[in-house]
Amino acid sequence: MTVTKSTVLAAGLAAALLGTGPAAAQQEPGLTPTSIKIGMFAPLSGANMAYGFDVANAAKMYYDKINKEGGIHGRKIEVVLEDDRCNANDLVAAVKKLVEQDQVFILNGGSCSAAVVAAKEYVVRNKVPLVMLNASGDGALYPPTDYIFGAFSISQYAVGGAMIDFAAKTLGAKKIAYVNHDDAYGAWNLEGAKADAEASKVDLAVESVNPTINDVTAPFLKLRAANPDALLIVTYARPAALMIKKAAEMGFNKPIILSVTGTANLSQLMQNVGGPDALKNFYFQDVLADLPGGPKIKWVYDMYKQSYPDLAAKPDHPQAYMPYGIPSAMSIVKALQAAGPNPTREKVLDAMKTLNFDSGVMAGPVVFGPSERAANKATIFIKFDGTNQTLQPGVYSSRWKFKG
Amino acid sequence: MRFLAIAVAAAVLIALPLVTTGYVVYLANLLLTFTVLCLGMHIVIGETGQFSLAHAAFYGIGIYAAGIAGTTFGTPFPVSILIGGLAASAIGFVIGMVALRMRDIYLALATFAFGEAMQWVFLNWNAVTGGPNGLRIAPARLFGLELVTDKDAYPFVVATAIAMLVLTVIVARARLGRSFRAVRESEIAAQAMGVPVRRTKVVAFGISAFFAGIAGGMFTLFSTYIHPDSLGFQTTILVLTMVVVGGLGSIGGAVGGAIAFGLISELLRQAPSFQEIAYGAILIVFMMYAPKGLFAFLADRFRGARHA
Amino acid sequence: MDKDLILLFLQQGIVSGMVVGSVYALLALSIVMIFKTSEVPNFAQGEIFMAAGYCALFLLVFQATPVWLAVPLTLVVAFAGAALFRRVVLTQVSRASGSPVNLVIATLGLSYVLKGLVRRTGFGDTPRSFPALVSTDGVMIGQASITRLDVAIFLTALAVMAFLFCLFAYTKVGRAMRAVGMNPKAARLMGVDLQRIHMLVWGLSAVVSAIAALLISPKILMTAEMGGIVTMAFAAAIVGGFTSLPGAVVGGFVIGIAENLVGLFISSRAIVVAPFVAIMLVLIVRPQGLFGGRVAIKKV
C-alpha cells in the first residue's frame with residue numbers, strides 16, 4: 001500500500017482525536033472509588049541501591065498493612081514503582097513517567113538528595129504532591145514549596161548542626177575537626193554545622209574530600225595539625241571507616257563522632273577499622289528512636305521479615321536505611337485519611353502541612369508547618385566500643401534557620 | 001527505500017506529541033539530543049579517526065553556557081543554543097591544537113583526562129555552575145513564547161536535530177569530509193595528497209565539540225536542572241557505544257545507534273537487577289558478532305536473504 | 001605553616017604516598033603488560049582487581065577457607081577467568097574486526113558485567129574487608145607512621161616488578177611475549193603460538209591485579225566501585241611511559257606521592273583531579289612519559 005499524503009493526514013487526525021480522549025481528566029488523576037495510585041521511585045539498581053531499595057520496600061509493606069486493614073476511606077493503595085538509578089536524569093524520567101503515563105495521585109519517592117532536587121520545578125509546575133522517601137533533599141525543601149515534603153531521615157542542615165551541638169555541649173569541645181564531602185550533601189551539613197559553631201562559639205577546622213578517596217593521609221594530617229578536641233566525620237561509610245582507621249594508626253585518642261550519613265552497618269564497621277581498639281573513644285549519631293535492633297523499633301524489622309522472607313534471608317538485608325521508609329508512608333496515609341472520603345491533591349497537601357506525630361521509628365516527631373517541609377531534625381548519639389552501645393542522654397538538633 | 005524510511009520517520013516525528021503523553025515526548029527529546037551527540041562523535045571518530053573521549057565535557061560546556069545565557073541574561077533560545085555550540089567548539093579547537101601530536105591511545109587517554117578534569121571544574125566552580133547544588137535552568141524563551149513542557153519544546157528540538165543532521169551530510173559530502181576520511185585512512189598519504197593534516201584534525205575536534213555544545217543547548221530547551229554527575233565519562237561512553245553499536249563510519253549508523261540504544265536503555269530500567277550485566281553483555285556480543293554495527297549487520301542479513 | 005609541620009607533612013606524604021603508590025604500580029604493571037603485547041588498554045583492569053578481591057572475601061570470610069588455600073585459589077580463579085575472556089571474547093572480536101576501538105569496548109563490556117555480577121551477590125552494598133594478610137602494627141619511618149602491612153605492600157610491588165623484569169628479559173616465554181608486542185606477524189612466523197601468549201599475558205596481568213587486591217582490600221575497604229582506583233593506575237602508567245614496566249612502577253610512586261602532596265599543600269578537594277592533570281601534562285609535554293621509548297609512528 002502506498003503511503004499517500006491523504007493517508008498520513010487521516011491517520012494524524014484519528015490519532016489526534018484518540019490523543020485528546022479521557023487523558024484530559026477533570027477529576028483527580030490516580031483516584032478511583034476503590035483505589036489510590038501512589039507513584040514510588042527509588043534507586044533499585046546500581047552503586048547507590050543501598051540508599052533506597054529496602055526503604056521503598058518498607059513503605060510498600062506499610063501500604064500493604066493499611067490495605068489489609070481496609071484501606072483509606074474504602075480505597076486500597078496501589079503502588080507503581082520506578083527505578084531512579086540515583087541520578088538526576090533518570091529520576092526526572094521516572095517522575096515524568098509516573099505523573100503522565102501512570103497518572104498517579106501522589107508521588108512518594110527520592111532517596112538521593114542531589115537527584116531529587118532535579119524534579120522540583122516539574123513537580124511544582126504540574127502541581128503534584130511529592131513526599132520524599134528518605135532523601136534529605138534540602139535543596140528542594142528550602143525555600144519551601146506547596147508541594148514537596150521530605151527529610152524524613154534528617155535534614156542535612158540538622159545533621160551538621162546536631163553534631164556540633166553534641167560535641168560542644170556533651171564533650172566540651174572548643175576546637176572541632178570536621179570532615180565532609182565535596183557534594184551537595186556536604187555543603188548543606190557544613191552550613192548547618194557553621195551556624196551551630198557560631199552560636200556555641202566553637203572553632204571549626206574543615207576538610208572536604210571526594211567520596212571515592214582511597215588515601216586519607218592528607219586530610220587527616222591537616223585536621224590533626226589543627227589540634228582539635230574532637231573529630232567529627234560527616235562522610236559516607238567507606239571514607240568514614242578509612243578516617244577512623246587512619247586515626248587509630250596515628251595514635252589519635254580524642255573523641256571521634258560519626259554522623260548518621262556514615263553509620264550503615266556497625267559490625268562491619270568494626271571489622272573495617274581493624275577491631276575494637278580503633279573505637280575506644282567513638283560515638284555515632286543516629287536518627288532512629290532506638291538502638292538498631294532495639295525493642296522500640298523491633299516491629300519494623302519483624303514486619304520486614306514477614307513481608308519479604310526471601311530478601312530477609314540474604315546477607316545485607318534489610319539494608320541499613322530500611323526503617324526510614326515508615327515515617328514517609330505513615331505521613332501519606334495520615335494525610336490521606338485527614339483529607340476525607342473525597343480527597344483532592346490540594347486537600348492532601350493542606351493536611352500534610354499540619355502533620356505533627358511520633359512515628360515510633362525516628363528519634364523525633366514528624367513535624368511540618370506552614371513553611372516547614374523538613375520532617376525530622378532530631379538526632380541521638382550512641383557510644384560504641386565494638387560490642388556495647390550506650391545511648392547518650394539528650395536529643396540534639398540544630399540552630400540553623402533558613403534565611404528566606 | 002531510503003525515501004520510505006524518511007517518510008516513516010517524518011510521520012512518526014509529527015504524530016508523536018499528538019498521540020502520546022509528555023513522558024514519551026520527553027524521551028524523544030532526550031533521544032534527539034543524544035542523536036546530535038552521536039553525530040558529533042561520528043565526525044571526530046567515525047570520519048576522522050581521532051579517538052576523542054571528552055564528548056561529555058563539551059556537552060556540559062554547551063549546557064552551562066546555554067543555560068546561563070538564557071537564565072541569567074535572558075537571551076532568546078536560538079541565541080542560547082548557538083552560544084552553547086560556540087563555547088564548546090572554542091574549547092574544542094584548543095584541545096584539538098594541543099592534541100595534534102598525540103596518536104590513538106594517547107589521544108584517547110588525554111581526552112579522557114580532560115573530560116574528567118572538566119567534570120571536576122563543573123563540580124567545584126560554584127560561582128558559575130552552582131557546583132554540587134546543580135544549576136537551575138529557566139524555561140527557554142523566544143520573545144513572547146515560553147517553552148514550559150516537553151511538548152512545547154519538542155518542535156524546536158526536532159528542528160535543531162534535523163538542522164544538525166543536514167549539516168553532517170553537507171560536511172560529509174564536501175571537501176572537508178573527504179579530508180577527514182583521508183586523514184583517518186592514512187595521515188601520511190593524506191599529506192602527500194595535499195591535505196592539510198594538522199588543520200583538518202583541529203577542525204574535526206572543533207566541529208565535533210560544536211555538535212556536542214548544540215546538543216547541550218537542546219537539553220536546555222526541555223530541562224530545568226543540570227548536575228555535574230551526568231557529565232562524566234559514563235555519558236561519553238554511552239555516546240561511544242551508541243555510535244559503535246549503530247555502526248562507526250556511517251551517519252545512518254550514528255542516528256540508528258542513538259535510537260536503538262536509547263530504547264534499550266529505557267527498557268533496561270525495567271529490569272534493575274540485571275541492568276549492568278545486560279549492558280555489558282550487549283557490548284561484548286556486539287563487538288564479537290556485529291562489529292560494524294547493528295545496521296550493517298542487519299543489512300548484510302537482508303542482502304544475504306535476498307540473494308539466497 | 002611552620003617548618004616542623006611542613007617537614008612532618010613532607011615525610012608522611014612521601015612515605016604514605018610510596019605505599020599507596022605501590023598499589024597503583026601493581027595495577028599499572030597489569031595494564032602495561034597487556035598493552036605491550038596487544039596494544040589494548042584494558043578498561044576492565046579495575047573490575048578484575050575488584051572481582052579478585054571479592055573472590056578472596058567470599059573464600060576467607062564466608063567460606064572460612066584457611067589463608068594458605070584461599071590465596072592461591074583466588075590467584076588461580078583470576079588467571080583462569082582472564083585467560084578465558086581473552087580466548088573466548090577478545091579473539092572473536094579481533095577476528096570480527098581489527099579495530100582497536102572494538103577491543104576497548106569489549107573490555108568496557110567486561111567491566112560492566114563484572115560489576116553487575118558482584119552486585120548480584122549482595123556483598124557489594126556495604127564496605128567490607130577481610131583480615132589483612134600481614135599485621136597492621138605500626139612502624140615509624142622518621143616522623144612518618146605506617147603499618148607493617150604498608151611495608152609489605154611496598155616490598156611486594158618491587159618483588160613483582162623484579163619477577164616480571166626477569167620474565168620478560170630472560171625467559172623464552174617472556175621473549176615470546178615481547179616479540180608478539182613488537183610484531184605479531186613476525187612472531188607467528190617464528191613459531192610463537194599467538195593465542196597461548198595472549199592468554200598467558202592476560203592471565204598473568206589478572207594475577208598481578210589479584211595480588212594487589214589481596215594486599216590492599218583491607219586498607220582501602222571493598223565496595224563494588226573500588227575498581228575506580230584504576231584511574232590512578234592509568235595515570236601512573238602514562239607518567240611512567242605506557243610501554244615501560246619499570247616506568248609503571250616509578251609512575252605509581254610519583255602519582256601516589258603527588259596525590260598526598262597535593263592534598264597536604266593545596267587542598268583535599270584537589271586530590272581527585274590531580275591524576276587527570278598529571279595525565280594531561282605528561283601527554284602534552286612528554287607523551288612518552290618518563291621511561292617510554294619514542295612514540296612509535298605507524299608506517300602506513
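Numbers here mean position along the shown chain, with the first residue as 1.
Just so it is clear, glycine is given a Cβ too, placed from its N, Cα and C backbone atoms.
Bear in mind that TrEMBL entries carry predicted annotations, made automatically and left uncurated.
Here TrEMBL flags B:27-45 (among others) as transmembrane segment. Listed as Cβ neighbours of the transmembrane segment (B:27-45) (distance under 8 Å, sequence separation of 6 or more from its ends, same chain) are residues 16, 51-52, 55, 58-59, 150, 153-154, 157-158, 160-161, 164-165, 168, 171, 180, 204-205, 207-212, 214-215, 218-219, 221-222, 238-240, 242-243, 246, 248-251, 253-255, 257-259, 262-263, 266.
TrEMBL lists B:57-75 (among others) with the feature transmembrane segment.
What TrEMBL lists as transmembrane segment is B:81-100 (among others).
For B:105-123 (among others), the entry in TrEMBL reads transmembrane segment.
Residues or ranges marked as transmembrane segment in TrEMBL: B:153-172 (among others).
Residues annotated as transmembrane segment in TrEMBL: B:202-225 (among others).
The transmembrane segment annotation in TrEMBL covers B:237-265 (among others).
Long-range Cβ contacts of the transmembrane segment (B:277-299) within its own chain (Cβ-Cβ under 8 Å, at least 6 residues beyond either end) map to 241, 244-248, 250, 252-253, 256-257, 260, 264, 268, 271. The transmembrane segment annotation in TrEMBL covers B:277-299 (among others).
Two recorded stretches are said to be in contact when at least 3 C-beta pairs lie under 8 angstroms, sequence spacing 6 or more; the transmembrane segment (B:153-172) and the transmembrane segment (B:57-75) fall short of this definition. Distant neighbours of the transmembrane segment (B:57-75): 37, 40, 81, 83-85, 87-89, 91-92, 114-115, 118-119, 122, 128-129, 135-138, 140-141, 208-209, 212-217, 219-220, 226, 228, 231, 235-236; these residues of the same chain sit at least 6 beyond its ends, with a Cβ under 8 Å from one of its Cβ atoms.
Same-chain residues lying 6 or more positions outside the transmembrane segment (B:237-265) and placing a CB less than 8 Å from one of its CB atoms are 27, 30-31, 34-35, 37-39, 41-42, 45-47, 53, 55-56, 165, 168-169, 172, 282-283, 286-287, 290, 292-296.
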